[in-house]
Amino acid sequence: MTAIIDIIGREILDSRGNPTVEVDVHLEDGSFGRAAVPSGASTGAHEAVELRDGGTRYLGKGVERAVDAVNGEIFEAIGGLDAENQIQIDRTMIELDGTPNKSRLGANAILGVSLAVAKAAAEASGLPLYRYVGGPNAHLLPVPMMNIINGGAHADNPIDFQEFMIMPVGAETLKDAVRMGSEVFHTLKKQLAADGHNTNVGDEGGFAPGLASAPAALDFIMKSIEKAGYKPGEDMYVALDCASTEFFKDGKYVLEGEGRTLEPGAMAEYLAELAGKYPIISIEDGMAEDDWDGWKSLTDLVGNKCQLVGDDLFVTNSARLRDGIKMGVANSILVKVNQIGSLSETLDAVETAHKARYTAVMSHRSGETEDSTIADLAVATNCGQIKTGSLARSDRLAKYNQLIRIEEQLGPQAQYAGRSVLRG
């Protein structure tokens, strides 16, 4: 009854107006699942390959080759298989691709099918996706990392670091956390406008003011938290995504906005200094993706009191994560479904992290759609944290709104992660 009878891939547009893959999966019993694949702006060198067409169409960014793979080879390989056998289906597609990074069929093709299959199987079972994937213990609503100031590859301003986020750990519920974040977001907008800064929003809904340094951005955020009626370091904490690989050149960290170049040891000390001065509880990609020694220095400096998240470092890849665990590097993994390219591999990465007492943060990409799958996956994995943008743009709010619905569905079972994400 849950056999796959049809798969339809199509090319749609993401939140940046670039093509991406959407997949529909139909089962024998009439159940249906649909998934759209996200896309990143700052991508790690070790990520699975997002297949693009090249040529002039969509300036080379078309995904017709990936769509053809969905409608052709992939359907031929998994048509007739039971949608409830997720691991078998994912393995079949990975083996069909035959490359270590999914470069032949494209991670965007494989992931679209993988997620749509899970959604169809969830519908067939009569369960919401978070319950189908996570089982009866899926109940933890994640603390949002809300990206309210953008820099780096996400903005046309001098700020070197890519994201400055607020985390409303003092909220009682997810719904309250969203409200608190919204209040700070709108307060920040007023503060920026009053100081003559542009308040247009970037790819992920955050502001991109013409500030020159991380401390300048953090000072604005501190004022906005207080102005909104909350206490920094009590009700609200801060998270950074440095995206350091983007400014790591010839073995050094080139902070153009701040007008200085730092050796890896000095970069680690700078981040430790910021974490000491501001209520920063999470730093993502504080060091570059292949600067393992720098990562070790940073971990030794602040790893006991600050969450150190590997994004480009681990790329949702269990093998790279295991290497990091052995070396005592970082203490958390950012989970992006399209970095690895299948649901089962994503779940394996989260499980690997949790077994090693590393935290996991479910994450969007800068190019998103209205698809809210990652909200369900955050609850399914009980990971306790989600990074899905600011309090603007419907492609970001789709995830927050889905989390509000899930919290409502769970009723008394629902638990907001809140202060449990604090270290030390």
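Every residue, even glycine, has its Cβ placed from backbone N, Cα and C.
Taken from Swiss-Prot, the feature (2R)-2-phosphoglycerate binding site applies to Gln162, Lys336, Arg365, Ser366, Lys387.
Annotation comment: Swiss-Prot describes Glu204 as active site, proton donor.
In three-state terms derived from DSSP, Asp241 (Mg(2+) binding site) belongs to an extended strand segment. Around Asp241 (Mg(2+) binding site), the same-chain residues six or more apart in sequence whose CB sits under 8 Å from its CB are Asn147, Phe161, Gln162, Glu163, Met165, Glu284, Asp285, Val309, Asp311, Lys387, listed in sequence order. Look at Swiss-Prot and you will find Asp241, Glu284, Asp311 tagged as Mg(2+) binding site.
Sequence annotations record features per position, and here Swiss-Prot assigns active site, proton acceptor to Lys336 based on sequence analysis. Within the same chain, the residues at least 6 positions away from Lys336 ((2R)-2-phosphoglycerate binding site) whose Cβ sits under 8 Å from its Cβ are Pro38, Gly40, Asp311, Val315, Thr316, Ser363, His364, Arg365, listed in sequence order.
Looking at Ser366 ((2R)-2-phosphoglycerate binding site) and Glu204 (active site, proton donor), their Cα atoms lie 6 Å from each other. Set side by side, the binding-site residues Gln162, Ser366 differ in how many other CB atoms lie within 10 angstroms of their CB, and the most is found at Gln162.
Listed in sequence order, the residues Gln162, Glu163, Leu240, Cys242, Ala243, Ile283, Asp285, Val309, Asp312, Leu334, Lys387 complete the 8 Å Cβ shell around the Mg(2+) site centroid, once Asp241, Glu284, Asp311 themselves are left out.
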